[in-house]
Amino acid sequence: MEELKPRFANSCPLTPLGFLERAATVYGDCISVVYDDLSYTWSQTHTRCLRVASCIESCLGVKKGQVVSVVAPNVPAMYELNFAVPMAGVVLNNINTRLNAVTISVMLRHSESKLVFVDQLSVRLVLDAVSLFPKNTPTPLLVLIADNITGENLTVEDREHFVCCYEDLVEKGDDKTFKWVRPISEWDPIVLNYTSGTTSSPKGVVHSHRSVFVVTLDSLIDWGVPKQPVYLWTLPMFHANGWGYTWGIAAVGGTNICLRRFDGEIIFNLIRRHRVTHMCAAPIVLNMLSNSPNAEPLPNPVHVMTGGAPPPAAVLLRTESLGFVISHGYGMTEMLGVVVSCAWKREWNRLPATEQARLKSRQGVRTAAMMEVDVVDPNSGVSVKRDGLTMGEIVLKGSSIMLGYLKNSAATAKCIRADGWFYTGDMAVMHPDGYLEIKDRSKDVIISGGENVSSVEVESALYSHPAVDEAAVVACPDEYWGETPFAFVTLKKGMRVRPTEKEILEYCREKLAHFMVPKVVVFRDKLPKTSTGKIQKFTLKEIVKTMGYSSSSSSYGVGRARM
């Protein structure tokens, strides 16, 4: 068999971009996108994407391999650009609309972006970002994504900064003779995403056509997404390209329900109006839904994929009681989508609801396309005991892993190591049944008296308190123990009787080992978060440093009072 070699017919580059062309053929007359009273079919979406792609080089002069950025929420243009930009042979860079101008300016310069599509509500943000470019530094062209938003008209001066509007490209583009640019190699870059920076400065993650193709299909299979689902975009498309579902929903001919902003009322209304079947949501969104005054049983089951921070069992229990069917996955920007999921076993359906929620809060096992997953000692690289207690670092092997960090070979080498593994920086235990459970980021593990304290475990106990809305636990220096847990808590709105710090601590003592109980609980109106909704623990650690703690007296200069 030695003469049987790969040939072009059996080794053409993998890419997710072909999903759109197929959707236009198979589901051409079916609804692809809904936004308020606007809707498109898959045939129309395909045509619109081709027209925009044709203009990116011919009208706007962007060359193959260069970067094009998008600063927009979950509106139809944002969805289309996930196809149109790479169909032009250039690299897509979705930027978070919640970032500040300084950060966006750094990202645009770091990526050397040549063109930025800007949503109407982000115009001032992007103009401020571009104004921060050093003198004589080339600035990207700007294209306006206009929207009929009441009271949000742009000034003539602002409009002068834009070469055209998005719909101008749709009108003048060529969908008849233009052929979308297929990658020469499946290893060619397709997207550039910046990490959220929960523990450090954001890094530019580059993914190939191959990795996106693999993780997209893998995520659909693992979640069991059927043909033609109705998918509600509660997950920002700028967050790792919506975990790959921007391309995945096209692969199965689904309907994308777009929304500019969301809260509990909007989500529940859209679910009922469009008979939504699927959505993705960070645990913070699940918490919002379960505590929403509009929360009531759903008219049909809604499958929800959650990820990011480990969801507390109490939040899962409350959300599922409304009719949401929660699946729990694990991934990072560096893997784009879900690569570890809590594969559900039928026999678990017979367990009490509280036990089901506990099992579902675990991250689980590798997805079908992720080749290997392990939890190892970060120093020796040896697998930890499968006892559900011994903590180690999650390591991965598989096609979903990024090419590397843009212009940062040192950071790339730190996580993609010579031993063949990708080191995630996430700390976990492996249970006897082979399911892993994240306990912390490596930087967030609290070492108290020689014991490893999982901040996630302490937070889960706090979340189970009926008055607690959000909780975050960080390490506080302690002269005797080395470190001790320090808790920040927000309480649910409308509480008639607000618990005291003493009552919260007593509650924790009933739930946790003595060395895991926080020494202090600080009540805050809100917790600092990244633009993707993750709690910024590094900010909380800085707050702790300023609070005048004295371990000998076990007191804080401030802190017992509300902040």
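Yeah, the Cβs are placed from backbone N, Cα and C, and that goes for glycine too.
The feature ATP binding site is assigned by Swiss-Prot to 195-203, 328-333, D426, 438-441, K534. Classification of T195 (ATP binding site) by DSSP places it in coil, neither helical nor stranded.
Look at Swiss-Prot and you will find 263-328 tagged as region 'SBD1', backed by similarity to another entry.
As annotated by Swiss-Prot, region 'SBD2' applies to 329-405.
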Check: Relative to the Cβ position of G331 (ATP binding site), how many further Cβ atoms are located within 10 Å?
Finding: 26
Check: Hey, does DSSP put G331 (ATP binding site) in a helix, a strand, or just coil?
Finding: coil
Margin query: Tell me which of the binding-site residues H328, D426 sits in the most Cβ-dense spot, judged by other Cβ atoms within 10 Å.
Written below: H328
Item checked: Per-residue Cβ crowding (10 Å cut-off), top of binding-site residues T195, D440 -> D440
